[in-house]
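Working notes, beginning with the structure itself.
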């Protein structure tokens, strides 16, 4: 047995080592609680990794000290032969769904509850708890004396499946509860996959040529039902607790809201998007508020849930057909529906990209009737195997362009053929007849016609005139169509040519009276006072968005310096890689583009130029801001411009890396999260003072 260091023959652990190991476990549990529950980590990831490695090394050297609840034991168990059935001690009941998806649904639920309790109008409102209805997989976690002993799916409500081996791989879920734990505590909640995690996972899978997940919900459900926990551990899963099952040896709080607070104190993640309010008005307001911010949430929901807050009233209300009378799910209009893809058309964008567009049998989804959906490009068509005549699932979320997310292949008509975009258009641009090509490194098929192509010309003008570019008010799509179709505007510079664009020529167009024509001329004159970054963005250089345009303007300071820069010089600009650098260099290498720029400047477009300076000298360099609510005297776009002009960055979400949150009136969850994280919060006056320093 010489040299044996592990297993039954390990030497006894030195005195005090067991205490050190347990202290390391407690430290890791605290770090997990701060990161996953409080969303306020106290140490960087590197320190967490260091402590974890130290614990792992000690346990490897002294396996007799390993315990089932150790953080090192989350991953690595053997694969299961099958998922075993589990009978729930307290049934996992489903919740009735309110059929009215408008705010009226809240009033319907309140009326039923009041009737069941025998309340009269003069008896006053009922207190309710309102929370989100997550689109994931319902889960029951059983803790005994503070240790996680079992995790089970809902199944039919009476019997689920044992998935403990997979749940243990989730760092969000504590293997040991914090503080004084009950004898038995069953926690009910939802396993889900956030949208950012879903996108990152699929991007990695595509990069390695592996299968991708269809949607976050399927990803969560499929991951939890894996037989091999090592596979589940590779999936980025999350969990929210929202209720109780069996409890023993625990003083259950008096209200549902207090239950959630108690679960959070025990170390379980609880969603902060919840509220307590009086009466149906509060529920309807919650439904409307969450509906408005639904698409900004990092996870999928399909509605909200209302519960009578007092647990004694819940017991009095009881159940009906295995559904509680004291709760209801109030859904939003569906964001995904099935319909038939009747045809595929193509559109030509300002960069020449020829995009396939699905023409659909009209379907009501996401609150509107949808007849078109983007198919993105040939790669996406191939990946989803989309064909004309297919029954497809269409998704529309908020203002996002509807897209075809999947195909119901069981309903595919006989004789359907794969769709090849280049073949469908005969290898030619459908607008100008120029050759269409697909470069090896690109997903898009492109027209080679440039500004000879009317479609590219129209889109280039609309982009040039857009609010974040030259901001030419009144130059909309219908007017641009006329200007291009009647050959009044062939290049961007023609917009400022008084021989082509004047009162006489404009007033002769459809729906352009003298006043409208004069307003447009005034807007064109006003747009001549520009900024360098807006002008760069307005030129429509491929791969150059607002942020890159600002970086270029800040770095070079002068347009002629930017025009003279080669690919290597351009790559010295922050966040400009070889692809973007090549796009910029190729754009300015074209004599036609340089001529248009000369004419634009000759027409009077100007800005203040500097010699350029490193961004590090900017007063807000390295600072990240988040804007929320309504500011008294300026729009969010104006505030964003001021911050970025001073070298700061503006983000759409609050995190521990946020430097300042600028809050106006009616600030929402971003302000609450900032307060929870202890971040610096400014009003408009505070922001202006900071900018003036």
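Quick reminder: no glycine exception, Cβ is built from N, Cα and C everywhere.
What Swiss-Prot lists as active site, N6-AMP-lysine intermediate is 133. Annotation source Swiss-Prot lists NAD(+) binding site at 45, 46, 47, 48, 49, 94, 95, 131, 154, 190, 307, 331. Residues annotated as Zn(2+) binding site in Swiss-Prot: 429, 432, 447, 453. As annotated by Swiss-Prot, domain 'BRCT' applies to 615-693, with the evidence given as sequence analysis.
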Shell of the Zn(2+) site beyond 429, 432, 447, 453, same chain only (C-beta within 8 angstroms of their C-beta centre): 348, 352, 430, 431, 433, 434, 436, 448, 449, 452, 454, 455, 456
Cβ packing number for residue 154 (NAD(+) binding site), 10 Å threshold: 19
Rounded Cα-Cα span from residue 95 (NAD(+) binding site) to residue 133 (active site, N6-AMP-lysine intermediate), Å: 10
DSSP-derived helix, strand and coil totals, residue by residue, for the domain 'BRCT' (615-693): 31 helix, 17 strand, 31 coil
Binding-site residues: 432, 447 - member with fewest neighbouring CB atoms within 10 Å: 432
Euclidean distance between Cα atoms of residue 47 (NAD(+) binding site) and residue 429 (Zn(2+) binding site), Å: 56
Minimum Cα separation from residue 49 (NAD(+) binding site), reported as the residue among binding-site residues 432, 447, 453 that achieves it: 447
Residue 453 (Zn(2+) binding site) and residue 154 (NAD(+) binding site), distance between Cα atoms, whole Å: 58
Separation of alpha carbons, residue 95 (NAD(+) binding site) and residue 453 (Zn(2+) binding site) (Å): 57
Other C-beta atoms that fall within 10 angstroms of the C-beta of residue 47 (NAD(+) binding site): 13
Cα separation, residue 307 (NAD(+) binding site) to residue 432 (Zn(2+) binding site) (Å, whole number): 60
Surrounding CB atoms that lie within 10 Å of the CB of residue 133 (active site, N6-AMP-lysine intermediate), all protein chains: 20
Between residue 447 (Zn(2+) binding site) and residue 307 (NAD(+) binding site): CA-CA distance (Å): 57
Per-residue Cβ crowding (10 Å cut-off), top of binding-site residues 429, 453: 429
Length of the line joining the Cα atoms of residue 47 (NAD(+) binding site) and residue 447 (Zn(2+) binding site), in Å: 52
Reduced DSSP assignment, residue 49 (NAD(+) binding site): helix
